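Undergrad: What follows is a structure written as structure tokens; I'll ask about it next.
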């Protein structure tokens, strides 16, 4: 009986993944027909470079979602790390490597703040990280007095503007992150614990696992990956921006949910992120090429997120029935 249910469940997952891939293919075909500029190698390389930051931060969000949480502060973490890393390099005269290390540590600390606050107080993750989103965003402006930081050292440019052969460095970093965390989730005990906590936190606790530490680790990893994204973004624009990550959490959440990461926890693979990020990235790129305003692009992304969340909710009800 269990074997039959497992096969049925796997079949449903295959159908869903195939549907998402079909949507991606349809989007590519539509934009290829609408604009001759779209279906070019140079444009696809541009798309990969554009989605690299989104993909990296989405991996962090996925870790949190799988473990049963959500992090709405990732955009603010990106902004704060962008500002602090730039100030460390420009105002304090740190070498690029040292400034980047400072930024990564700050990202981890901000993730730890989220994890500790949520696990120790029992606060709903959405409310908790919405609060830290506002706090972190405000701190980003306070630290730099609302001004952008320019004149970053030359060594900083490689992370956002460099190439290895014909491949942009951000794309290489994205590929490494995707591979490392795909291995982490599928091949390590800790990765499996993330799924266990997200599926049934109480049952996991009764099995002797420290669910709080697992959830805190998920938020810390999310903070770290948000910081990696911030450093690439800062390098790309060659400046620290207090608004660098404004609204970024919604793009990240949309990419995760569209790809197939459940907002209810315990489900999702790194390959789902890849498809979700490609859909969002190609949609943004294609709409820009054909002249659709950014405001209408936001409307489109919002509708896509709403439909994806609704689909996820329906799937949850069917499984419970």
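Using N, Cα and C of the backbone, Cβ positions are placed for all residues, glycine too.
Those TrEMBL annotations? Automatic predictions, nothing curated.
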Undergrad: Per TrEMBL, which of 134-152, 191-209 is transmembrane segment?
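TA: The listed stretch tagged transmembrane segment in TrEMBL is 134-152.
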Undergrad: For the transmembrane segment (164-185), name the stretch out of 45-65, 98-122, 216-235, 273-292 with the most CB-CB pairs under 8 Å.
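TA: Out of the listed stretches, 45-65 contacts the transmembrane segment (164-185) most.
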Undergrad: Of the stretches 45-65, 98-122, 134-152, 216-235, which racks up the most C-beta pairs under 8 Å with the transmembrane segment (273-292)?
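TA: Highest pair count goes to 45-65.
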Undergrad: Take the transmembrane segment (98-122) and find every residue of the same chain, 6 or more past its ends, with a Cβ under 8 Å from one of its Cβ atoms.
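TA: Sequence-distant neighbours of the transmembrane segment (98-122): 69, 71, 73, 77, 80-82, 84-86, 88-89, 92, 128-129, 132, 136, 153, 156, 159, 212, 215-228, 230-231.
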